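For reference, the structure discussed in these notes is given below.
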Amino acid sequence: MEFRFNMHPLFRARIVRINNSLLPTGFVAQSRRVALDATAQISEIINTIGSMSAQAQGLSVPVTTAQKLRNSDHHIYLMFESNDRNGLVVGILKVGRKSLYVFDPSGETVNVTAPCVLDFYVHESRQRGGLGRELFEHMLREENIQPDELAIDRPSEKLLGFLQKHYGLSKKIPQMNNFVVYEGFFASKAQNSTDIDGRRMHITASPNTNLFGPTFTTTEERRRSTSQTRTNVAPMPIIAQPPVGRYAAKRPTCSMAQVNHYSSMVGKISFPEENTGNGKRSVFEEQELDQRLADEMERCVELGAGGDEPDASRYTPHHGLEVKFADQPETLPYDDMPEPGPDPDPYDFHPHHLELHDDTEGGGSHRDQSLSPQSVSQQASPVHPAGSDYGVLGSRKPARYTKQNTGLKNISFGVGAAVMPSGKMEFDQEENEGFGSVKINRPIGKSGTRGSLHDDNESVHSNGSQQGGGGHFDLKFYHNKLW
């Protein structure tokens with residue numbers, strides 16, 4: 001495969017070996033910039049050849065990339081073919097050591113670290129020309145290994161045929177993974193049998209095998225577990241260290257014992273010990289003790305429920321803590337309380353209640369006299385007959401119907417008569433009395449018409465005035481012209 005850059009400076013030999021430094025062995029860079037350029041070029045070559053190898057084997061993900069090589073201790077062998085231009089890369093072989101769990105010929109699981117062939121590819125235009133065998137032989141010489149010592153990772157049919165044709169490897173040992181090993185894989189390691197025996201795995205016969213899978217133990221571990229010559233090692237003394245931090249904080253005591261209100265009282269009940277001669281109570285003594293305990297429990301319950309009359313002095317409040325207000329009425333005992341009298345008649349306010357009579361002149365109308373709102377409100381309040389039978393407490397003032405009792409919270413009783421013009425009283429205001437003067441009056445210039453309401457006064461009518469005579473006016477409409 002040809003690339004866009006000149007590869008002759010990178011390949012000083014026909015086959016070069018590349019490690020995780022991404023530089024060919026024996027490559028000497030003149031400067032740091034040259035080394036970085038060489039690394040970038042080798043990375044491009046490895047990525048391109050790895051993609052072509054994965055495509056030829058039918059793999060979805062390339063096995064060989066520059067990033068994977070940088071993060072591992074594997075090696076890549078690249079075969080180069082020079083020409084008059086930039087040169088050609090015709091083959092790649094990736095090898096490395098891996099720790100594998102494989103089955104030996106007897107069926108036992110062995111953990112070995114063996115050299116593996118991870119990727120092998122020769123360009124289609126150079127196949128069946130001996131280039132693959134040349135590359136493979138060079139790798140065997142560099143790694144100093146034999147073909148039967150190799151574990152092949154996911155070999156294709158072409159690779160299996162290549163190994164059988166050139167090295168006579170045909171007898172495979174079935175494995176539980178994707179690696180293929182041959183019979184010579186374990187025979188070549190017979191001289192180092194102690195290392196293999198030490199790492200030979202055995203499946204333990206445990207009842208948890210069906211649940212959690214088989215458990216593997218090595219021969220050395222089994223030998224140590226079954227050995228009788230082991231000396232019992234004294235266990236290390238346990239040193240209790242005091243807790244520190246939040247673990248040393250005091251815990252709150254449990255309050256479950258206080259749930260039962262009588263647990264403290266019952267716990268204090270004690271009975272004299274009446275033992276027989278042999279140190280044990282008789283049946284009659286046990287029954288008597290149970291009866292006494294039940295009686296004591298019943299007495300405690302009666303005390304808690306208020307069955308016995310407690311001492312009145314215990315519940316008498318201290319006189320120094322009693323507080324009595326000045327306007328607080330004097331309370332009478334329940335037996336000395338008089339019967340409540342009949343309820344007072346409901347008071348209805350009407351404008352004609354405000355008619356004032358002159359005692360000196362014989363009852364003439366006070367049209368010329370001034371009437372203040374205070375006097376109107378005083379006359380509008382109902383007067384109840386005095387007597388001790390009114391109400392429960394004699395010293396209580398007579399009840400009045402307030403705005404809260406009648407539901408008319410926005411209605412003023414004493415102002416209704418002053419606002420509403422009638423034949424009994426009139427207010428004429430012809431001149432402006434200045435800022436801050438508040439008077440309730442009809443519009444200026446309408447003093448001649450009596451008993452009629454102007455349109456300007458309609459906005460101050462409350463809902464109660466729509467029911468007929470004696471309506472009230474709401475004084476909260478400050479935007480009205482009257483204010």
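Cβ atoms here come from the backbone N, Cα and C positions, even for glycine.
Not measured: the values here are computed from a predicted model.
As annotated by Swiss-Prot, domain 'N-acetyltransferase' applies to 1-186, with the evidence given as sequence analysis. Residues or ranges marked as site 'Crucial for catalytic activity' by Swiss-Prot: Q57. Look at Swiss-Prot and you will find 120-133, 156-165 tagged as acetyl-CoA binding site, backed by sequence analysis. Feature annotation from Swiss-Prot assigns region 'Disordered' to 204-231, 330-395, 437-472. Swiss-Prot lists 347-369 with the feature compositional bias 'Basic and acidic residues'. According to Swiss-Prot, the feature compositional bias 'Low complexity' maps to 370-383.
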Determine, from DSSP, whether F120 (acetyl-CoA binding site) sits in helix, strand or coil.
-> strand
Could you check the binding-site residues H123, R126 and say which one's CB has the most other CB atoms within 10 Å?
-> H123
Just counting, how many other CB atoms are there within 10 A of the CB of F120 (acetyl-CoA binding site)?
-> 24
If H, G and I count as helix, E and B as strand, and all else as coil, what does DSSP give for G129 (acetyl-CoA binding site)?
-> coil
Counting every protein chain shown, other Cβ atoms within 10 Å of the Cβ of Q57 (site 'Crucial for catalytic activity') number 17
Determine the Cβ neighbour count for L160 (acetyl-CoA binding site): the number of other Cβ atoms within 10 Å of its Cβ.
-> 15
State the Cα to Cα distance, in Å, between E157 (acetyl-CoA binding site) and Q57 (site 'Crucial for catalytic activity'), rounded to an integer.
-> 10
What is the one among the binding-site residues G129, G132 whose Cβ has the most other Cβ atoms less than or equal to 10 Å away?
-> G132
From the Cα of Q57 (site 'Crucial for catalytic activity') across to the Cα of R126 (acetyl-CoA binding site), what is the distance in angstrom?
-> 17
Reported mean pLDDT - the domain 'N-acetyltransferase' (1-186) = 89
Taking only the Cα atoms, work out how far F120 (acetyl-CoA binding site) lies from Q57 (site 'Crucial for catalytic activity'), in Å, as a whole number.
-> 10
Expressed in Å to no decimal places, the gap between the Cα atoms of H123 (acetyl-CoA binding site) and Q57 (site 'Crucial for catalytic activity') is 12
